Amino acid sequence: AENDTEKELDVFTQIKRGNKRKNILYFDHSTMLYICCVSEDHAIDIYVTVLSIDLDLFVSCPLLITDCKRRLRDGDIIEKKGRSALSCTGCTWTKSENGLVIVPYILSPKYTSPQVSLFMNAMQEMESVTCVRFVRRTNEDDYLNIVETGGCASFIGKIGGAQDVYLNSDTCMTRGTIQHEIQHSLGFVHEHSRSDRDNYVNIMFQYISPESVSNFEKEDTNNLNKRYDYFSVMHYPVYAFSNTSGKNTIVPKPDPSIPIGQRNGLSILDVAKINALYQCDISAMLLPDVNGTVNSDNYPATYPNNCNSVWLIRVPSGQVRLKFNEFDVEMSDGCSADYFLIYDGPSKASPVLVGRTCGSTLIPLMITSSNQVLIEFVTNNAVTGKGFNITYDSVQCGGAFYAPTKNFTSPGYPSKYSTNMKCTWTITAPAQSKVSLAVSDFQLEGMFIKKCLYDYLSIYNGPDADSPLLGKFCGTRYTSPIKSTGNTMYIEFVSDKSNVFRGFQAIYTFGEN
């Protein structure tokens, strides 16, 4: 930024006139971030890194440390400590007697309400699967000061006092980016900086400008006995800081097609590393795949006593569908002994989807309102059972309904639905009731006489698609109402790759058999 050169020199001149060691962050209007440390003898150590604005997930300077006395060595602004997570004394946050790591924070009031909700979601996800707890600062001396300017940047580890975390309100608002910078503040560096990275990736320095090379330095790291993680939220993408269009700066090996640089959220190994660094005594599992299985410990053998376990399911997109294949938990009054809970979100602060449950009655199909769901299982020191087996997958839309009546529609109604959709709804009435479904508006692609080969609405007399078919409808023809013979009804809406219409509007009610 040539126009700012005179201004920059003025800033540095003012700094030199001081007689104490200081740490200065200076942001100009370009993509450069300057860090200046002035020692007592007026010598200036300057570290410069280029922030790439078009890489909105990577507009971060991950190795910024402003405690000059503790971190500078031989004019280098980063002291070369062994780390994948920092191992130096005082760089980690304090673990309390109850086993929790408390990290106070202040969130800038300039963030919007949806952005604050995104921060809460990112932090709650981290809390659910680790022993780290983020609390609003009251009067703590050491805390994270999260500000909405300055790109996406954080200091490494706990540095003391008000510790700035920069998360720009325009370019950094994804769950994974927030977690990326928070992980820096917990003590973690980038995955591609590991000491063993050359076994897993090639760094293409010919496509990296000299001023950006520092972002690819290999560190003498302590890797916490965890394997290299291509899927880490701390990994750069293939194109990070590339100075040549179409040329990658990081190439995974032996398979260059391995995806890297995701920002959906924490990876399984991200969680394992946090728990290893802070020696968390916690039974928690992250399940980030599009589908999978959740079993109680030891399943199909009996589960152990005195356990408190959680499973956080986070599918890449859509909603989570849970199918219970087996359920056997010690029965007790009010489920006061062993019990099972499901939260409709990433934490125990989320709405309860299934309250305290025990016994052997199979829980019906569940569909969450988002791509995250938390399962909790608590056991005492007495009787055990076989436990549970759950399969999950991702659906784009749909729901699981238990209220006596509810309206629902195709996605986007009354606007046109999208192509390539598959939505499912499960309606469950009380044991002695049945379900009646009425449709007030109906317009799909296709003709009924052609057996609805394209877009269609199918209704089943039971809890899933294996139940008897009550009807399959398309075009503008729908028979209303349709009634179940039992207490459950399963509804499936499918659209193909072309021709979309208004969709449908429906309402169900419960009635006695």
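A Cβ is built for glycine as well, from the same backbone N, Cα and C atoms used for every other residue.
Now, the feature entries from TrEMBL:
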ACT_SITE  E181  active site
BINDING   H180, H184, H190  Zn(2+) binding site
DISULFID  C88-C91  disulfide bond
DOMAIN    84-281  domain 'Peptidase M12A'
DOMAIN    280-395  domain 'CUB'
DOMAIN    397-511  domain 'CUB'
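Counting only the Cα atoms, the space from E181 (active site) to H190 (Zn(2+) binding site) is about 10 angstrom. With all protein chains in the displayed structure included, the most crowded Cβ environment within 10 Å among the binding-site residues H180, H184, H190 is that of H180. Rounded to the nearest whole angstrom, the C-alpha distance between H184 (Zn(2+) binding site) and C91 (disulfide bond) is 11. Counting in whole angstrom, C91 (disulfide bond) lies 16 from H190 (Zn(2+) binding site) by their C-alpha atoms. Mean predicted confidence for the domain 'CUB' (280-395): the pLDDT average there is 95. When the domain 'CUB' (280-395) is classified with DSSP, helix, strand and coil residues number 3 helix, 57 strand, 56 coil.
For the domain 'CUB' (397-511), DSSP puts the residue distribution at 3 helix, 56 strand, 56 coil. The Cβ neighbour count for the residue listed as 'active site', using a 10 Å radius over every protein chain in view, is 24. Cβ neighbour count for C91 (disulfide bond): 22 (other Cβ atoms within 10 Å of its Cβ, all protein chains included).
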